[in-house]
Amino acid sequence: MLFSPYTIRGVTLKNRIVMSPMCMYACDTEDGTVRNWHMIHYPTRAVGQVGLIMIEATAVTPQGRISARDLGIWSDEHIEGLRALTTLVKEQGAKIGIQLAHAGRKATVDGEIIAPSPLPFDENMRTPKEMTKVDIEETIQAFQNGALRAKKAGFDVIEIHAAHGYLINEFLSPLTNKRNDEYGGTFENRYRFLSEVIEAVKEVWDGPLFVRVSAHDYHPDGLTVKDYVEYAKRMKAQGVDLVDVSSGAVVPAAIDAYPGYQVPFAEAIRHGADIATGAVGLITSGRQAEEILRNGRADLIFIGRELLRNPYWPKTAASELGIPLEAPKPYVRGW
Ligand code: FNR
């Protein structure tokens with residue numbers, strides 16, 4: 001199944017292998033534009049036969065950057081470089097997605113940082129300003145503007161980053177959202193910000209829409225996968241196509257990571273909310289990926305660090321599964 005095509009909202013991926021979004025911190029000019037590094041790094045994985053390349057967390061506002069070296073999509077000036085990147089990746093037969101992101105209280109850039117509540121992540125991080133209604137409206141608008149620019153830049157897929165303790169995740173979790181207005185308190189209220197971001201993105205984007213979540217807070221008072229099954233039902237009702245299931249990083253908490261540790265979350269959401277899911281986290285072999293797909297635990301396999309170590313990982317996985325992969329063509333005689 002790993003090498004079977006997968007169609008989602010009219011876009012067909014040639015296999016089920018997705019390059020997981022990974023920040024490169026490579027914008028040496030600090031203006032968020034695509035650099036040579038991105039133009040080499042991502043197309044290399046397309047040559048390596050990845051089906052879908054999800055580019056790194058890309059900031060919808062300068063204040064929402066994880067670091068000053070993040071890619072950005074907060075201005076029309078970002079479109080040209082991103083378009084050059086999507087063109088290169090697509091020429092090599094892969095599809096390309098963009099992860100739209102806002103770091104919230106985890107932003108490390110100069111100036112004011114914002115979050116649902118004025119609570120720092122830990123003692124080394126700054127205290128964010130509590131977002132006003134205007135801040136909320138402007139940020140939702142920034143996600144919509146980012147989606148429109150992503151469309152103009154030629155992306156096939158948009159993923160909303162709602163995981164890892166960044167802004168949207170901070171609204172979802174009761175550990176980080178202590179608001180008393182309609183954006184905090186109840187389960188529904190904590191979902192409202194993500195719901196409005198999804199709605200705003202869908203107004204300008206009719207392609208495949210993924211949402212990455214942290215399906216477990218690893219904290220006694222935090223959210224667990226049971227909560228995320230309920231959130232995923234709402235996402236499905238709003239027209240989200242796939243939930244990319246990660247976990248943690250909402251508050252400082254130790255994670256016991258082992259091969260496939262997040263797969264049970266992807267499986268629970270897939271069956272509990274009847275929505276396509278992506279599995280991610282210490283998936284490193286073709287047989288492991290095949291097991292996840294064949295047992296109906298997820299629909300797509302996101303590979304992170306293994307694709308940093310080996311851009312030709314799909315070839316390695318195919319060999320392991322005994323599948324002849326006659327690609328990339330210019331290399332075939334040499335493999
Ligand atoms: C990441 N990860 C990550 N996740 C995300 O949603 N957006 C991002 O921009 C990043 N950035 C990032 C950078 C680097 C260098 C690493 C190693 C990781 C998390 C990543 O997508 C993935 O979920 C984890 O790495 C777990 O999968 P692997 O690496 O075990 O396959």
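Glycine is no exception: its Cβ is also placed from the backbone N, Cα and C atoms.
A C-beta separation below 8 Å, combined with a sequence spacing of at least six in one chain, links Ser20 (FMN binding site) to Met54, Val280, Phe302, Ile303, Gly304, Leu307. For the recorded site, Ser20 (FMN binding site), the DSSP three-state label reads coil. The annotation FMN binding site is assigned in TrEMBL to Ser20, Pro21, Met22, Cys23, Ala57, Gln99, Arg212, Gly304, Arg305.
The substrate binding site feature in TrEMBL is assigned to Tyr25, His161, Ala162, Ala163, His164. Less than 8 angstroms from the CB of His161 (substrate binding site) sit Pro21, Ala57, Gln99, Leu100, Ala101, His102, Ile168, Arg212, each of them six or more residues away in the same chain.
Residues annotated as domain 'NADH:flavin oxidoreductase/NADH oxidase N-terminal' in TrEMBL: 2-321.
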Pairwise C-alpha maximum, in angstrom, for the residues (Tyr25, His161, Ala162, Ala163, His164) that bind substrate according to the record = 20
Which residue among the binding-site residues Met22, Ala57 has the fewest other Cβ atoms within 10 Å of its Cβ, if you could check?
-> Met22
Near the Cβ of Arg305 (FMN binding site), how many other Cβ atoms are there if near means within 10 Å?
-> 12
Neighbour count (Cβ, 10 Å) for Ala163 (substrate binding site) | 27
Would you say which of the binding-site residues Tyr25, Arg212 has the most Cβ atoms within 10 Å of its own Cβ?
-> Arg212
